[in-house]
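Here is what TrEMBL says about this protein:
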type     : residues  : note
DOMAIN   : B:5-293   : domain 'Heme-copper oxidase subunit III family profile'
TRANSMEM : B:17-37   : transmembrane segment
TRANSMEM : B:49-68   : transmembrane segment
TRANSMEM : B:89-110  : transmembrane segment
TRANSMEM : B:158-177 : transmembrane segment
TRANSMEM : B:189-206 : transmembrane segment
TRANSMEM : B:226-253 : transmembrane segment
TRANSMEM : B:274-292 : transmembrane segment
Amino acid sequence: MSSIVEQDIHADDHHHHAPGGGIKRWLYTTNHKDIGTLYLWFAFIMFLVGGSMAMVIRAELFEPGLQIVEPNFFNQMTTVHGLVMVFGAVMPAFTGLANWMVPMMIGAPDMALPRMNNWSFWILPFAFAILLASLFMEGGGPNFGWTFYAPLSTTYSNDSTALFVFSVHIMGASSIMGAINVIVTIMNMRAPGMTYMKMPLFVWTWFITAFLLIAVMPVLAGAVTMVLTDKFFGTSFFSAAGGGDPVLFQHIFWFFGHPEVYIMILPAFGIISQIVPTFARKPLFGYASMVYATASIALLSFVVWAHHMFTTGMPVAGELFFMIATMLISVPTGVKVFNWVATMWRGAMTFEMPMLFALAFIVLFTIGGFSGLMLAITPVDFQYHDTYFVVAHFHYVLVTGAIFSIFAAAYYWLPKWSGVMFDKKLANWHFWCSLVSVNVLFFPMHFVGLAGMPRRIPDYALQFADFNKWISIGGFAFGLSQLFFLALLIKACRKQGEPAAAKPWEGAEGLEWEIPSPAPYHTFETPPVIK
Amino acid sequence: MSQQHADKYYVPAQSPWPIVGAVALFLIAVGAGNVVMQHHKGTDGYGGLILSLGMITLMVMLIGWFRDQINESMAGMHNAQLGQSYRQGMSWFIFSEVMFFAAFFGALFYTRMISVPWLGGASNNAMTNEVLWPTFEAMWPLTQTPSGLVTEAMGWNGLPLINTVILLISSVTLHFAHVGLEEQKRGQLMWLLGLTILLGISFLGLQVEEYVHAYTEMGLTLQSGVYGNTFFMLTGFHGLHVTLGTILLIVMFCRVLAGHFTPKNQFAFMAASWYWHFVDVVWVMLFIFVYVL
Ligand code: HEM
Ligand SMILES: [Cu+2]
């Protein structure tokens, strides 16, 4: 059926245009740029879907008492919000960026396995259709938190858990295939002369991220499988009556879960390491140390998982080990932050939109890192665990960390993708509204959390009322601010704006800036020569 | 590595198969989910139908995709670099499979080293035992659960030992079949590959016999506490992998008959044999940790 088009490197002109064919182009495509675009749009749509669930949560929590939704529905909202944001928004967005940028940054014509690339994207809309549809089933969708702890998921959950399990299975298949593609592309498709230690840091961080993905997504598959059999087939992995242990679930889940949080932040580190040198007009300070720091973060991330379980029953030696190992991670993380700051030191700085988001990232992610350090102190975590302090922590690292880095990347490379400069006015509105509202939204969560407000509960004690009102207002404002970005994206896709130069940022370096904007449909069919 | 490439890259053309594959996985997930829910509620529904539809779609997709792939490879469109990508991709895929089994081995070790002893009062859990499960004594194999289910333990020196020998021999025969391919000794390739397939099938047959024995005579079932759970999940997933591996080898046999492979062009054969060796290593781990120790 599919005929093979011999790629003729001399007949350039017809390659530079995407094939026609309407919807078929997107369904059948093997082009890394098309697939990158698909991933990015999918991620953005999921960001809006997950965001509207957050709006439901914040509306319910606007005032104490139960007013808008049933507690069971509230639980479904927190659960599906988490799942959609982690697996539907942040991870696909990074994969989309990898698809677009990794081949262009290493001088490859495409991903190593282009057809599998298409497959791994198209699984995702189906997987999320299943997950979201399960919300409308009798009894409702998953309601046990994105961490689906046993026995909540094995004993007290509803039937749709089966659909949840299988949708996670196919999401996992998609992530593993995506990661295999990235890692093989990087190992095997680099242009001659592009040695490992010349690779841009975005490529490096994705290389290590892909390794983490391949190592831990199968463990997640194992965890959901055991939940499935415990719930539906009478096994007792997580039930003491049969000799199992619910705490085992947490060990397996967090053995996946902690590397997973680094999966969502390492590519962000890579993005920031691309952007800061460009706008500071200085080479990245300590390139090699950045590479080693990334690798050590990845390795350490396999031995810290039980810091999520300080309160669930471990021998003291275990608590101490996981406390110290967790704190160790701050060392390579600190190396990164200091390197970014040192890159800017005495640089000729300008503050275009990607740089603004990158600077916001550095400051706000660091706040999240510090609250992580507080949580890592075992005795102190007994007080903070399962409160809004944890919610504040992971939203600082994930929203102002991972998501801000994705915005930064989008602004940085949008001219390359679309061929036009984005609307600067809309971008400014987007940035400043997001920056203010995100802090109104998440900063007070530290306070209510320290005071003991539990997470994942639709009601709260009266003394938390004032802060929660502010949190909700911040939440709605942050949600609305994203509409500026939507408008900006639509304008860019319609090519409204001044044409962008091949290198729209004066200080930028790298192969991706040596090709015209918009990037032609096929790039580097003959490998470039790397100095 | 990157230095040795030809100066021209090969980029595969568009293909309808990936999206067919995505639809197949969608149907399988919806179907399997519904089958499980129906089984749980004891109702009828379309789960089975959707699942079978998904399976058929997946088969169609695999056949179509691989047919295209084989045609392209026979037409000489694939270059050395693509072959290298396939080999690396396959290695990483096997690594992901290793991690999948690691999750279940982890559950096994945790249960044996931690949860069962703790339920029996070890470490500082004397009160757990005293108050919650006063009659429970920690042991492995766990032939009596805290709630009082009783089963028999599976010995290692009957069928399991025979199965171990079978799989080990099959790894050797497959290796020498591969040698036959490399040295273009077609006879050696054919009969050793055929023998490997037969060994795989007899392994599966004996495994089924063992399961029947466990269910009908030993009271060892998926429901009989963590011993049965870890036993059936580990050997069950392994059995699925052997099944898949055997199917792959049968496909390879047909392709050998069709004369597809040469010492230079044999990625599929190599991938299937890597997969087989991997499944073998998993079995050795299983034999040691599930049966013997
Ligand atoms: C400096 C490095 C970090 C340290 C020391 C740290 C430490 C911790 C600790 C101890 C907890 C458990 C709190 C509790 O439940 O009581 C936690 C939770 C969490 N962290 Fe971090 N963290 C760090 C960085 C990150 C990063 C970079 C991310 C993601 C991008 C992240 C995402 C999360 C998430 C999602 C949770 C909550 C999971 C849940 O229970 O739902 N953390 N962190
Ligand atoms: Cu963690």
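The backbone N, Cα and C atoms fix where each Cβ goes, glycine too.
Heads up, TrEMBL stuff is auto-annotated, nobody curated it.
Segment contact is absent for the transmembrane segment (B:158-177) and the transmembrane segment (B:17-37), given fewer than three CB pairs below 8 angstroms at sequence separation of 6 or more. Note on the transmembrane segment (B:189-206): residues 159, 162-163, 166-167, 169-170, 173-174, 176-178, 180-181, 239, 242-243, 245-246, 249-250, 252-253, 256-257, 276 of its chain, located 6 or more positions outside it, place their CB under 8 angstroms from a CB of the stretch. Sequence-remote contacts of a segment are chain residues at least 6 beyond its ends whose Cβ falls under 8 Å from one of its Cβ atoms, and for the transmembrane segment (B:89-110) they are 230, 233-234, 237-238, 241, 271, 274-275, 278, 282, 285, 289-290. Panel annotation: around the transmembrane segment (B:49-68), residues 15-18, 20-21, 23-32, 34-35 of the same chain, lying at least six beyond its termini, place a Cβ under 8 Å from a Cβ of the stretch.
Looking at the domain 'Heme-copper oxidase subunit III family profile' (B:5-293) alone, the prediction's average pLDDT is 92.
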